[in-house]
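Peer 1: Mind having a look at this structure? Questions to follow.
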Amino acid sequence: MKCKRCKAPAVVALPSHNTGFCPDCFDLFFTRQVERGIHSEKLFTHEDRILIALSGGKDSLACALVLKRLGYNVTGLHIDLSIPNSSQAARGTVESFCSENGIPLIVKEMAQEGLAIPDVKKRLNRPICSACGKIKRYYFNKTALDENFTVLATGHNLDDEIARLFSNVLRWDVGYLSDQGPLLEADSGFARKVKPLFRLSEYETANWSYLQGIPYHYAPCPYSQGASFTSYKKLWADLEEEMPGRKLAFYLGFLERGKAPFVRQEAVTGDTLAPCTSCGYPTSAEVCGVCRIRDAVAQQD
Ligand SMILES: [Zn+2]
Ligand SMILES: [Zn+2]
């Protein structure tokens with residue numbers, strides 16, 4: 001196959017766009033898809049101070065690198081979960097990536113916050129993943145607000161978004177459907193949240209990361225059974241093969257025509273949030289979930 005743009009040998013085939021590209025033209029394609037997403041959904045501008053959550057995985061690193069190259073004001077945030085034999089490697093990947101690319105980095109150590117994940121795991125009688133996710137989201141949000149960032153970005157790609165959307169549709173979860181999308185506006189106690197890679201698939205992001213020489217750090221969490229939404233992603237991969245382009249069309253269609261009724265319904269029936277009496281984070285309970293976890297860990301031994 002030849003590159004659609006310059007006729008050099010293509011290295012990346014893109015059935016969903018009915019085309020293929022050489023490395024340079026693929027870089028251009030990828031970058032333009034990100035820009036198009038930022039502009040069409042008005043995610044942020046060059047005036048914004050963007051904090052980007054960096055786990056050490058390729059998606060978040062790719063997101064940081066493309067935004068940096070586009071001239072945006074980005075700072076990385078890494079949550080060190082303090083898991084032996086795992087967190088150190090992830091943190092090392094993020095630290096060297098940021099120093100090589102001139103991206104400032106903030107690291108939050110969960111051990112110092114009384115929330116080392118092994119201690120949380122010991123204390124909980126339910127799977128750790130949802131608590132760990134809650135703790136990470138809490139510190140992403142808190143750091144963005146405390147340090148006066150105007151936008152909080154994550155590296156979620158189209159496959160992540162489609163799988164989540166599909167899961168929410170299967171449950172007709174009004175609360176989640178009303179909030180889903182590449183942009184969640186700031187609300188009292190919540191930072192503005194964006195997902196700049198929402199137009200790009202996992203495959204496209206992985207190829208771009210590889211071609212840019214982004215370190216491939218594959219270290220699955222020792223506590224997790226594997227990636228979330230695996231079965232939905234598989235189902236959508238089959239569908240996409242039968243109908244190239246359906247994933248992006250389904251997602252954009254939801255944003256354009258599907259989401260509004262859920263937003264209206266949530267405004268009527270949704271939980272009202274009030275500040276946590278302990279930390280001020282918005283919660284539907286008196287004390288937020290993370291403060292309750294921290295208290296439980298402190299009572300240990
Ligand atoms: Zn080309
Ligand atoms: Zn709290």
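Here the Cβ of each residue, glycine as well, is placed from N, Cα and C on the backbone.
Note that the structure is predicted; figures quoted are calculated from it, not measured.
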Peer 1: According to TrEMBL, Ala53, Leu54, Ser55, Asp59, Gly155, Asp160 bind ATP; which one of Ile79, Ile83, Ile135 is annotated to that same site?
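Peer 2: Checking Ile79, Ile83, Ile135 against TrEMBL: the ATP site match is Ile79.
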Peer 1: If the Zn(2+) 2 site is taken as the center of the Cβ atoms of Cys276, Cys279, Cys288, Cys291, which further residues of that chain fall within 8 Å of it by their Cβ?
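Peer 2: Going along the sequence, the neighbours appear as Thr277, Ser278, Gly280, Tyr281, Thr283, Val287, Gly289, Val290, Arg292.
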Peer 1: For the recorded Zn(2+) 1 site, whose residues are Cys3, Cys6, Cys22, Cys25, find every other residue on that chain with a C-beta no more than 8 angstroms from the centre of their C-beta atoms, and list them by sequence position.
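Peer 2: Going along the sequence, the neighbours appear as Lys2, Lys4, Arg5, Lys7, Ala8, Ala10, Phe21, Pro23, Asp24, Phe26.
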Peer 1: Given a separation of at least six residues and a C-beta threshold under 8 Å, show me what packs close to Cys291 (Zn(2+) 2 binding site) in the same chain.
Peer 2: Cys276, Ser278, Cys279, Tyr281
Peer 1: State, in Å as a whole number, the widest CA to CA span among the ATP-binding residues Ala53, Leu54, Ser55, Asp59, Ile79, Gly155, Asp160 given in the record.
Peer 2: 20
Peer 1: Same-chain residues six or more away whose CB lies under 8 A from the CB of Asp160 (ATP binding site)?
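Peer 2: Once residues fewer than 6 apart are set aside, Asp160 (ATP binding site) is near Asp59, Glu202, Phe229.
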